[in-house]
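A.B. asks: Got a structure for you, written out below as structure tokens; questions coming shortly.
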């Protein structure tokens, strides 16, 4: 017959290719697919590959004007999920040509843009991505990375300490700056704007930036250490965001901050480029991540958002605390913590890593442990996260019965005690509480903190 064969045809005829050998330049995705009852897994997997690449619901004559074989996504492997009924991991390979260079935005629009509302699927979750070297190389990545940050701050051989200034909303700029000064003076390396502190009626951004810079320089002069405050540059428009970053640079401060999910990847990459060009470190907060990553069977795993951030650019990113949670969660969290810091990460399903990822010397990102932690957690945090991390104690500093500066002292003493004990070969996991107790004998600030938050 003349012409093409019109009509709706099964996706799996075109997009399910179990014999396909993946290319080094392909972007690989692992999806957790929950098909609707009656939809075979091959069809569901193929549908995901089709809808997130070249497919549409019916055959169109313009298909003849291009080479589908060159541009289509392919579902190349499907495996059932152990212990789950009717859940499958579908592996999809995308040819590199489908993506714009250096654009996380375009990568996500393609891979997760449309397909999550697909009728044949009950639920869909993107578990992991393998970014090929050829694509990684089109990104600048983190503005500076772990080593450059240590050199800028002159801080080595230990995790860095931070604190989010609370109450997060309602303080005037001057009182806010005062809290910043007290924490830094007490011994923290960083203080932090809360993620929702942008520029509100009770405290406009410019006033906050000025008072925080003043606090920072005063604390720096008195302690002889380099200090930082994450000035949140997140704003309603990219122009306004850059304006704030420029002002931060003019004040000479070391670091600014961005909410990368609410701000969006385009804004984040823009800011990351500015930060590298102007010597600013960039702290990233993950506000809104749970909207995307909390459901076990739908959405995107945080390790994908973390990989995307390393491409887009950031020097620190919040990544959970691990402490006091389930053992399994610890392995998974350490999996994406390594994906943030290391140059090369092996596939390891027990840690949730579906693909071997080579970052081809893209700088690393410091993971930030933040939320509900206090001095008794210090040994565990030091052991789990190691030196290349930022430990943030908000309430764990400001909640100290004697005030902010003693709270900061308590945290710094606890950290130094843990690092020293570890370097002497002691086991932080089993002797942690004892190490803290010994240290509190000669630090009244730490002793008071130990009283407030029981082990």
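From the backbone N, Cα and C atoms, a Cβ is placed for every residue, glycine too.
As annotated by Swiss-Prot, active site, proton acceptor applies to 166, 285, with the evidence given as sequence analysis. Taken from Swiss-Prot, the feature substrate binding site covers 114, 164, 168, 286, 318, 370. Here Swiss-Prot flags 192, 194, 195 as Mg(2+) binding site, drawing on sequence analysis. Summarising the annotation, Swiss-Prot assigns N6,N6,N6-trimethyllysine to 5. The N6-carboxylysine feature in Swiss-Prot is assigned to 192; the stated evidence is sequence analysis. Annotation comment: Swiss-Prot describes 325 as site 'Transition state stabilizer', evidence class sequence analysis.
Any idea what these are sitting next to in the structure?
C.D. replies: Around residue 166 (active site, proton acceptor), the same-chain residues six or more apart in sequence whose CB sits under 8 Å from its CB are 194, 394, 395, 398, listed in sequence order.
The secondary structure of residue 285 (active site, proton acceptor), as reduced to three states from DSSP, is extended strand.
The local packing around residue 318 (substrate binding site), expressed as other Cβ atoms within 10 Å of its Cβ over all shown chains, amounts to 22.
Counting every protein chain shown, the Cβ of residue 192 (Mg(2+) binding site) has 30 other Cβ atoms within 10 Å.
Following the DSSP three-state reduction, the secondary structure of residue 5 (N6,N6,N6-trimethyllysine) is coil.
In three-state terms derived from DSSP, residue 192 (Mg(2+) binding site) belongs to an extended strand segment.
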A.B. asks: Compared by Cα position, which of the recorded positions 168, 192, 195, 285, 286 is the closest one to residue 5 (N6,N6,N6-trimethyllysine)?
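C.D. replies: So, spelling it out, the nearest of the recorded positions is 286.
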A.B. asks: Can you check which residue among the binding-site residues 114, 370 has the largest number of Cβ atoms within 10 Å of its own?
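C.D. replies: Selected residue: 370.
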A.B. asks: Highest Cβ count within 10 Å among the recorded positions 5, 286: which residue is it?
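C.D. replies: Checking each of 5, 286, the winner is 286.
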A.B. asks: Reduced to three states, what secondary structure does DSSP give residue 318 (substrate binding site)?
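C.D. replies: DSSP assigns residue 318 (substrate binding site) to strand.
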A.B. asks: As a test of the contact definition, list every same-chain residue at least 6 positions from residue 164 (substrate binding site) whose Cβ is closer than 8 Å to its Cβ.
C.D. replies: 191, 192, 193, 194, 370, 392, 394
A.B. asks: Of these binding-site residues, 194, 195, which scores lowest on Cβ atoms within 10 Å?
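C.D. replies: The binding-site residues 194, 195 were compared, and 194 has the fewest Cβ atoms within 10 Å.
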A.B. asks: When you measure from the Cβ of residue 285 (active site, proton acceptor), which residues in the chain that are at least 6 apart have a Cβ under 8 Å away?
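C.D. replies: The list for residue 285 (active site, proton acceptor) reads 195, 232, 257, 258, 259, 260, 317, 318, given in order along the sequence.
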